[in-house]
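TrEMBL has this to say about the protein:
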DOMAIN    27-112  domain 'S1 motif'
DOMAIN    130-198  domain 'S1 motif'
DOMAIN    221-286  domain 'S1 motif'
DOMAIN    386-455  domain 'S1 motif'
DOMAIN    475-544  domain 'S1 motif'
DOMAIN    564-635  domain 'S1 motif'
DOMAIN    657-726  domain 'S1 motif'
DOMAIN    942-1017  domain 'S1 motif'
DOMAIN    1123-1171  domain 'S1 motif'
DOMAIN    1211-1283  domain 'S1 motif'
REGION    1304-1368  region 'Disordered'
COMPBIAS  1319-1338  compositional bias 'Basic and acidic residues'
COMPBIAS  1346-1359  compositional bias 'Basic and acidic residues'
REGION    1390-1427  region 'Disordered'
COMPBIAS  1395-1406  compositional bias 'Acidic residues'
COMPBIAS  1417-1427  compositional bias 'Basic and acidic residues'
Amino acid sequence: AGAKDDSKKLKKQKAEEKKVGLTLNEGMLMLGCVKEVTDFEVTVSLPSGLQGFLSIKNICDSYTKLLSEQLDSTDTEEICSLPHLFYPGMVLRCVVAKLDVTKRGSLSIQLSINPKLVNKNLTPSALKTGMVLSACVESVEDYGYIIDIGVSGTKAFLSKESLKFKHNNAQELKVGQYLTSQVEEVKNDGRVVQLSANLTTIAQTCAEPKQGWNLTTLLPGLLVKATIKEVTKHGLILDFLSSFNGQVDFLHMEPEQASSYTKGLKVNARVLYIEPQTRLVGMSLRSHLIHLETGIDPVPAGGERIGEVVKECKMTAMHHLSGGVLELPDKTLAFVHVSQLFAQPEHTCRILDFSPMEQIHFATLLKSSPLFIVPCCLCYIFSQCFSFSKGTVSVLLSHGMVVHLSDHIKGLVPRTHLSDIVLQNPEKKYMEGMKVKCRVLSVDAENKKLYLTRKKTLVESSLPLFLSYNDTRPGRVSHGYIVSVKDFGCIVRFYNGVKGLVPLSELSSEPIVRPGDIFYVGQVVKAKVLQCDPERGKMVLSFKAVGEKENEETEKPEFDCEVGKRLDAKVLKKSLNGLEVAILPDEIRAVLPMIHLSDHMSNCPLLWESLQEGDIISKLICSSKNKQNLTLTKKPTVRWSLEEGVVAKDFSEITVGLQLVGWIKNIMSYGVFVEFPYGLVGLAPKSAMTDKFIRDATNSFQVGQTVIAKVTNLDEEKRRFLVTLKISEVISPQGDAQTRLINGLQERRAVTEMLVLKGIELQQQLAALSVGQKLKLTVDTVNDTGARFKSDGLIGATILANKHHMMGVKLTEGQKVGAVVLHVDMLSACVHVSILSKLMGKKKSVRLKHTAMVQYIDKDFAVISLGDTAQLTVIQTYSHLNEIFLSESEKLKVGMTLSAEVIEPSCQELQGLPLVSWERSMPERKRTASENQTGRKGHCFGEILQGTVRTVKPTCIQVTLEDGSSGSVHVSEVVEPAEVRLGSFPTSSVKVGSVVTARVIGGREASSHRFLPFSHPKFTYTISELTLIPRKLGIYVLFAFSSMSACFSLQFNSDRKSLEVTTDPSVTGTVELLAMTTDPKDIGHPEKLHKLGQAVRARVVEVSFTPHRFVLSLTGVHKLEKGSITLGIVTNIQPQTGLLVKLPFGGMGTVAVTDLADAYRPNPLAFDLGRFFNKALKMYLVTTCSSRLNPEKAKPAKDPEVLSVNKLKAGQIIRGYVKSVGEQGVFIRLSRSIIGRAELQQTTKYFVKNHKIVSEHLPPNTLLTTKILSIDEEEEFINLSLLPEDTGKPDVLPESLGLPLRLVGEEKKKQDKKSKKRPASESEEKKKKESKKARTDDNDSGVEVYFREEEDKEDEGKPAKQVISSASCPSRLQVTAGFSWDVGLSSLKPASAVQEEDSSDGEDQEGSTKPQKKSRHEQEQEKKEAEKALIQREAELMDPNLRPKDAAAFERLLLASPNSSLLWLQFMAHHLQATQIEQARSVAERALKTISFREEQEKLNVWVALLNLENMYGTEESLKKVFERAVQFCEPMPVYQKLAEIYAKSNKIKEAEGLYKTMVKRFRQNKEVWFSYGTFLLQQGQSDVASTLLQRALKSLPPKESVDVIAKFAQLEFRYGDVERGRNMFDKVLTTYPKRTDLWSVFIDLMVKHGSQKEIRALFDRVIHLSVSVKKIKFFFKRYLEYEKTHGTPQSVQAVKEKAIEFVEAKGTEGTK
């Protein structure tokens, strides 16, 4: 059905509707003629050139039923298709079923021939013999057909006998077939009707008045006898069937007899349509409709002519309401719509369509009509095929894309033609409604199909086209596309089905075996014709030969013309948007687009109109050339830029900051494309188009407008660039506005001269007039808008003055007046004048400045009067090339005042008028363009100027130059770099008011004050950048900075913690905080180190070009090396490794615990995060020992650094930090890389069963004094002792533990004998023990791993459990099992986690007792003990009473569970016990940073603790701040609630009440808030306030919550307030809602607590009589019984049981009933 949209006419239809005063309505009856039949739809031609569509489902009910049956099942009889039922030319009576508007806005008329709709106004009683009705065959019977005539309650029959004369071959009728039949006989009051179908008689049967026709039953197609009632200029009015009036349109009068129609004449007419609403009946007198026996001829006698352009047609008849009739040269007639009529002796028209009903063609005279330009029309006969067409994407299908070229024409772009390559996802590239440019590939006129291509290579190809085999000649080259790849070669297709074969040998110069690997279907190729046979349609092509020398036919003549050259040219032909010219003298073809005729867009059409073929145009210049053509321009500004060389010839010449003259090429919603000479195109995005705010880019500039653009961005890879058109950022050439004005007026004068040459007297008289000339005129007419005048000297001219120019003057017709000429319009011969006295007065001489008034506006130009001098002059309405007016209010209007400055009192180019520059005198509008300021011309690069110092700032000096403009001197351009002293302020050497000599080295943007280095010597700067350095005043030298260079500090940026410095007007760098100084004292206030403008010496650290920036260092160091001293910031504290330190230039380092100070301290890691340090570097392991930082000043260190084991001696006393405690002893860190071990028996004099006792008293980083017992240098293994007798220090374990002393000497031997004998394998074991190795690894932070090499393999298979043993009796242990013997929480972790921890010690055990074999019983005992110990340890850790004793223990626990708010709160409490409030605060802050954001409750706990802390120890201010932060980071409601509770607990009643009031306002939808406020009020004893609060709550909360809210408040009354009131509230609620058993239950609980026994029993009695489910009553009985058992007597218990029995019996009797 969609394919039929092609043939729909929109304008035409609407036109025709108007023509006959016809309004289409659904249900309207019409006579139509079948035009075309397809499988599913019939196209029907209707009267007045309309066209409708009859769908397959609108034939008749029986046919539709048959269709649906066939769809549902497979075995029904074969159905008859539409082409069998209908034929072109068949006449139908139809009804308008539906009026639709298609997506594209055209009208679609859906028709129906269903007899039920066509004859719906007929009733059985209205049926009369002789009536002619339309009908459809309902079913086929033995002797005839049952016919559907659409009259309910009537059966109609047509016998096969009566058909014989109709079809000699007596062809069978089919179900659904349409026929026009006549009623032969009516029986049973119209319930049975006999029909006949003799076409000849039916066609001649006239409707009789006796048949009882009325307006509702009247049908189209009836033949009637009529009398002409009236002859009008549009047709005839007829009188028929005694009382009806009908109208005959002029197209339906018989052309031969048109003159003989007179009033009273009797004629035969046929009803065409009936419009019931307006009682309008359309009739026709045309013979082809009166004699319908033969049907109508759907094709005109001369054959199909649609799409043909016919010249020399004459207009024969005109009807101003509808249109006119043209007579074509061959005497056929065509109708043209009224909107296209214009007076002309001869017309050229294009035939659009043929209407069978009127037997006339429809045509158009509009050249601009898409149907006139696009050379294809409804039947797609293309006269100049394969042109370009712009279309709109309509729909994307799987096989291609439908593109609408006009309202009536659409084409298909096959999927392979959507792009040069095959698109996988075309929907990403093409959107519905998108405009695209296509080329026509082929036309299938028979099937009305049009194929298009979007392949860029084909669309833009300049090679000759092969439209038929006659276009192909050997040697010619053209672009085609591959349609098939075979083993023997490729088949290439061109336009219109022309195709040829490229044999295998011609595919490439390289041999190709399988073409399919290299070529693909759809590929665009260049092919050369080798041989062709047009008769047989065969052609052989070659790809290989294309590269070889092409035939002279395909070679184009080389253009002997270069861009930028001045030329003259002759006009060859005028096209719609430009001129085709021949460059003289060589006659080279070129194009001069219309937009290139002038800088003024309004002058372009004037010049185009006045230029004729054969005219010579001078002062042209070539702007670009490509393969297809040369483009010329006459724009004076573009011409100037090409001649002056202000142009880029290639993309490589474009640089950022370059200023070019171009023109607007295309306007998009996101910006405008600007084209420049040499074919370069840049984009000005929306933000860079103007200084004003633009909402819509499309209505700003005009295509072709000349602009000045400045390049802002370059994309080298994609060869694209961005430009800015902002007036504030581009600099116009000096005097640009005046030059353009003179050029524009000269162009207008040239137009005038060309019109004068035509020799028309009036135009010669008009050309003699000039602006300001005085005339004597006679008043012709006067009205509200103005006056018209006559003049004897200007006969035929229109002379006008508008009301502004007649103000205060009374005119009467015929009065003689003097007037002054404002503007002469040559083309329309119109003169605009003014009769104002102030303009007619005597001319006075002009001064330098005037207030001017706008008198007349003509597009780009305006006429103004200068003050009271009575002098007029012409100005431009746009003061700058790039100026745009976004709204009407911005444009100049007549009567507006301007301030004008006279440049030349009498300018020859303006015919003696003054030349002025102007600006608006409105205060809010600042001067837009620099060219208006004639005094300030700006300065070029390199000029030497004198100036006075205006202000001196630390980083720049402002200078006022002689001409009044301002300049600035950067701090680096005051003194020679070599003479700058460090710490000095160079600008302070210049005094305010002193006169200086300076040289221009660049400029600054007026808007952003960004420095612009020089880019073109011709450019001038309004704000100049100057230098005062004497050396630079001579010859300008560019000098590079050395790696050490002088800089000047700008400011300290506290946010980024960096110093900004500058070395040059356009260069600034940054110095990071750590690179500013090496003294930690200065770091506290870095902003005090350097002042603004102070000279500093810096070393470059790094330079980056994107973005332009460089990083400097003031310390003289630019990279970190081993041994260098630098500052660092502590960023993290890690108990296992030490401090993490941030270093300058992006480095990080670690400081080991032993390298923190010369003398070890007990708590080495007590540092604040963010603290600054001075450090010595050692391969990013850092030390803070002063002896390392200042080796020359160093005192001997108390704890000297141990670099290797060789430096240590046995017996030496040395201090170290505990690293960890394990089964094998205590590991002590002696230096960064050396760790020693004290076995458990060398650690303490007490006997310890479990190493955990030691680990509790020796947390990591405890400072200990130890004695070296022995050193194994090979293994780097150090044995230490911590015993008091060795170190002289007290024992590591306190006496208070009450541990037994270890046995020594004799006692030990006795003890040993008791134990089992030593096993035989013991000596081997000892050897194995000796062969153990200790290895240290760089990245395990000094943890030593002991393992047995030989036993590894055996032990790997054993499960980890076998390893567990008690401390005193060690068994074998392997590291691979991953079991950790560390203390603390790690013992509770899964083994896998342990492997990751660097603190885990995998040392093998070396206990004091020797290993012995144990019996199974003993082993089991040990297992149990070990498990007991484990459970005990777990319990200890879980026990809240056993809190950690110090900060280190807390830190250790927090490492294991950082998200536990409980731990953090205990840590805070630990600090608060010692009244360390600040530390408690910092712990809370740490907690908030550490706890994961997902743990909302944990975070809330910490916030509440912090609020509590501030409430107890802080100020009101600090509490408020914490509260505000908490609300920001948590759910606000709980925070408010918690704070209110804190206030209430600490008796801050007033504050609590204030907060609650805020809460009920802010969270009024949350019932919890109301409850907590109520609780608070009742606790304060304010029960009255609580009851008013309840009322407020009920209003604020949704009604469904009311019951729960009242019940809750009642509970609160019970608990905190008045029990009586609570009981009353419950009573009320439960009376209203007796089935709420949950509330009854609560009420009972509260009464049991607070009520008397009597009341409680009464309540129970109420409950057990509720009408609720038995189950619930049973529950209440249970409660009652329990209560009586507890509080009652045996009698009362018995009473309850009896009541229960009664209840059960009652229920039973109910059930039986």
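Here the Cβ of each residue, glycine as well, is placed from N, Cα and C on the backbone.
Sorting each residue of the domain 'S1 motif' (942-1017) by its DSSP state yields 10 helix, 33 strand, 33 coil. Most Cβ pairs under 8 Å to the domain 'S1 motif' (1123-1171), among the stretches 221-286, 657-726, 942-1017, 1211-1283, belong to 1211-1283. Residues in the domain 'S1 motif' (221-286) partition by DSSP class (helix H, G, I; strand E, B; coil) as 9 helix, 37 strand, 20 coil.
The stretch with the most CB contacts under 8 Å to the domain 'S1 motif' (657-726), chosen from 221-286, 475-544, 942-1017, is 942-1017. In the predicted model, residues of the domain 'S1 motif' (1123-1171) average a pLDDT of 77. Counting residue by residue with DSSP, the domain 'S1 motif' (386-455) contains 7 helix, 35 strand, 28 coil. In the domain 'S1 motif' (657-726), the DSSP tally of helix, strand and coil residues is 9 helix, 37 strand, 24 coil.
Secondary structure of the domain 'S1 motif' (475-544), assigned with DSSP and counted as helix (H, G, I), strand (E, B) and coil, comes to 11 helix, 35 strand, 24 coil.
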